[in-house]
Amino acid sequence: MAEDIKTKIKNYKTAPFDSRFPNQNQTRNCWQNYLDFHRCEKAMTAKGGDVSVCEWYRRVYKSLCPISWVSTWDDRRAEGTFPGKI
């Protein structure tokens, strides 16, 4: 059990500093990485490329964004009412 927790902590990677978002409030950073992930995923799927290159954006937004925001945005994307341009 303790080894499992140590492994999780060792492998945990949080969002690195992004100079586009120097302030303490990281809401915009969260939003931008969510959009970037889905744009990257859409572009790579259209080209028939490997979607795993987009994984960095997903890890960053998963680290920064509250789960409730992500689930709401996912629901809105599925419904076609998402306000962002993907």
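Cβ from N, Cα, C; glycine included.
Each of Cys30, Cys40 is a candidate, yet Swiss-Prot gives the disulfide link of Cys65 to Cys30. Lys62 (N6-acetyllysine) and Cys30 (disulfide bond) have their C-alpha atoms 8 Å apart, to the nearest angstrom. All protein chains shown were included, and the count of other CB atoms within 10 Å of the CB of Cys30 (disulfide bond) stands at 21.
Just so you know, the Cβ of Lys62 (N6-acetyllysine) picks up 16 other Cβ atoms within 10 Å once every protein chain is counted. Averaged over the motif 'Cx10C motif' (54-65), the predicted model reaches a pLDDT of 92.
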